[in-house]
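As written in TrEMBL, here are the features:
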type	residues	note
DOMAIN	1-206	domain 'Cytochrome b/b6 N-terminal region profile'
DOMAIN	207-370	domain 'Cytochrome b/b6 C-terminal region profile'
TRANSMEM	30-52	transmembrane segment
TRANSMEM	72-93	transmembrane segment
TRANSMEM	114-131	transmembrane segment
TRANSMEM	137-162	transmembrane segment
TRANSMEM	174-196	transmembrane segment
TRANSMEM	226-245	transmembrane segment
TRANSMEM	257-277	transmembrane segment
TRANSMEM	283-304	transmembrane segment
TRANSMEM	316-333	transmembrane segment
TRANSMEM	345-369	transmembrane segment
């Protein structure tokens, strides 16, 4: 009985009586939408796992079996495939909103959120490989081989992931198990993310998280989160009309170990990082730049200074950063030829330059406005 009361009090504190700022706009719906999509992906993925076979000789065929033979299998596969894109759309919106409103001041919230982002990228990559199509197979070969740059243990780690001396059926089983288990770890970290958020309070459009403008989360923000239904309706319609527009044509060809695609391109949500990787000819430096394109944002948790005079400058720099990220994503799917081989390094420098300029300004803001 005590356990039930404790659970009810916990849920009540998280969703009903939680003190929330009166100035939260619809951009704060991104977080709740991400929670909905995460549950949606787990449910659809579980149904797909019932019929999927993680075997190199059968994986591609079982995907076709799900699409053509399993009752309503096609709709679960289409929703799961496009649900990944929906997740990343709101994930990037959530991160950019955090940069706009300087949410990195909430250090534990920011760092747990970035950890979720990294784990979701791993999860999406492994799910991409499970189709065992031409593009996903060779993407697995390229990405896993990048781990070989780790000093001393790199080649051993790559061989351990592959299980043999190449990407094979054993590698596919390894990815399948991780792809099935990792979402539960993500759920736990999401819970921690929410606990950290609710212990400090959220930032707001007033750039504050004090106690002087609070209202109960329910019913006001429960009602506002109901606007997410509109997004779901749009998602369902677009998924049914354009089910594979965000995919690559090579994903309809079974993996061929003897012939790689002419132009290897990852899913759209990895393109900015892929462009940074390709922009640097040196493999080690390229992998470091790829990793730092995300790890850099952990350093924002070091910011202890907050100056309201910098809000407009912050918005301007974040806006430029978003533009550079979009251009890098476009460059990531371009052929390796002029002028793209010049533009990719240029916008990679701009990407990191803006990120560290933003970080540097706030780290030194006390000196600037003393």
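Just so it is clear, glycine is given a Cβ too, placed from its N, Cα and C backbone atoms.
Per-residue confidence over the domain 'Cytochrome b/b6 C-terminal region profile' (207-370) averages 83 (mean pLDDT, predicted model). Taking pairs at least six residues apart, the transmembrane segment (114-131) and the transmembrane segment (257-277) share three or more Cβ pairs below 8 Å and count as touching. Long-range contacts of the transmembrane segment (137-162) within the same chain, counting only residues at least 6 positions beyond its ends with a Cβ under 8 Å from a Cβ of the stretch, are 125, 128-129, 168, 170-171, 174-175, 255-257, 260-261, 264, 266, 277, 283-284, 287, 290. Listed as Cβ neighbours of the transmembrane segment (316-333) (distance under 8 Å, sequence separation of 6 or more from its ends, same chain) are residues 96, 99-100, 265-266, 268, 270-276, 278, 340, 343-344, 347-348, 350-351, 354-355, 357-358, 361. Here the listed stretches are 30-52, 174-196, 257-277, 283-304, and the one with the most C-beta pairs under 8 angstroms to the transmembrane segment (226-245) is 30-52.
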